Amino acid sequence: MSPLYTAFLLLMAMASATPLWPGFYSETCSDAELIVREVMKKAMIREPRSVASVMRFQFHDCFVNGCDASLLLDDTPTMLGEKLALSNINSLRSFDVVDEVKEELEKVCPGTVSCADIIIMAARDAVALSGGPDWEVKLGRKDSLTASQEDSDNIMPSPRANASLLIDLFASFDLSIKDLVALSGSHSIGQGRCFSIMFRLYNQSGTGKPDPTIESSFREKLDNLCPVGGNENVTGDLDSTPIVFDNIYFKDLVAGRGFLNSDQTLYTFPETRDYVELFSKDQQAFFDAFVEGMIKMGDLQSGRPGEIRTNCRVVNTHHRPVDVLLET
Ligand code: HEM
């Protein structure tokens, strides 16, 4: 691609990006943020893990064609959405919490608050409600008119990923090594499936042996949780305090007690190791870097046209190809 064309594409993307700002709904839906937080609180009481599951949506939405709630669209006969993509199938959960937020918002200010903004507010609330930092989010995003399973498959990293692959992936979104390490700290809350770690327990990189960086008593614990031939949908905690957002995740990595390969690799690789060490010793440094990373990730936009969906799972009726067909 010629540099001129690249510059043109960049200009186009910048020209069509929607401006985002903190007070976006102050006139049109002044209670929007309160409503989101209340629903998240209730969800947390019902099931503590659900807020972690909702927080994960921000990553899986924003990396695939920007933060546009494409992730939330159900498949249709003409569109394979992202819910069944490799990293999401049998894994993403708690979509019902977003549905509940949307229903509450539609009662008070119909057709006003985008599902893309709900994801951003809810992710922030998940962290704050779990004892992590609280911050101001920029709002004003539009919801996509489509979703792409293929794009998600091509972009989202596998739990087998190593730090060098992750550094490159994050760099392609203008996210630094510091952002990568801090954002991985989101694994301070939530759980993962045995499915995501079987290879590292029994056949790391095709060696027929476990990942040598796993501390031995922790490996025994994981072997018991995830035996060969066992149910791979069984889940384990991503760190030793899975409902508290804190820097214990990083202390665990230093001790060789990371759950995912993509977590432990951040300590193994020299490029990322210093940040793991810093965050393991200084929780405030982790919180500050995490907030900065979440805001940067929340700024990702595709520049494509959008709408305010009334139901986060489906595109508004007047855009659906089947209706266009029926009308003609
Ligand atoms: C750096 C690359 C990352 C990789 C490779 C990765 C991979 C994974 C995997 C494999 C799981 C467990 C899924 C399962 O076994 O079903 C998981 C869970 C989770 N991820 Fe990540 N992740 C990454 C970054 C992030 C980021 C940036 C965030 C949010 C800012 C995030 C938030 C979460 C949360 C909260 C969970 C737990 C969800 C739950 O309990 O339902 N992850 N991640």
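All positions are counted from 1 along the displayed chain.
Using the three backbone atoms N, Cα and C, a Cβ is placed for every residue, glycine included.
According to TrEMBL, the cysteine that forms a disulfide bond with Cys109, out of Cys29, Cys62, Cys67, is Cys29. Between Cys312 and the candidates Cys115, Cys194, Cys226, TrEMBL annotates a single disulfide bond, the one to Cys115. TrEMBL names Asp61, Val64, Gly66, Asp68, Ser70 for binding Ca(2+) 1. Of Glu47, Glu82, the residue it gives for the same site is Glu82.
A disulfide bond in TrEMBL ties Cys226 to one cysteine from Cys67, Cys194, and that cysteine is Cys194. When the alpha carbons of Asp246 (Ca(2+) 2 binding site) and Asp68 (Ca(2+) 1 binding site) are compared, the span between them is 28 angstrom. Counting other Cβ atoms within 10 Å of each Cβ, the lowest count among the binding-site residues Gly66, Pro157 belongs to Pro157. Here the Cα atom of Arg56 (site 'Transition state stabilizer') is found 9 Å from that of His187 (heme b binding site).
Taking a Cβ cut-off of under 6 Å from any atom of ligand 1, the recorded positions Arg56, His60, Asp61, Gly66, Ser70, Asp246 reduce to Arg56. Take the mean position of the Cβ atoms of Asp239, Thr241, Asp246, the recorded Ca(2+) 2 site; other residues of that chain with a Cβ within 8 Å of it are Ser188, Ile189, Ser240, Pro242, Val244, Phe245, Asn247, Ile248, Tyr249, Asp252. In the three-state DSSP reading, Gly66 (Ca(2+) 1 binding site) counts as coil.
In the shown protein chains, 27 other C-beta atoms lie within 10 A of the C-beta of Ser70 (Ca(2+) 1 binding site).
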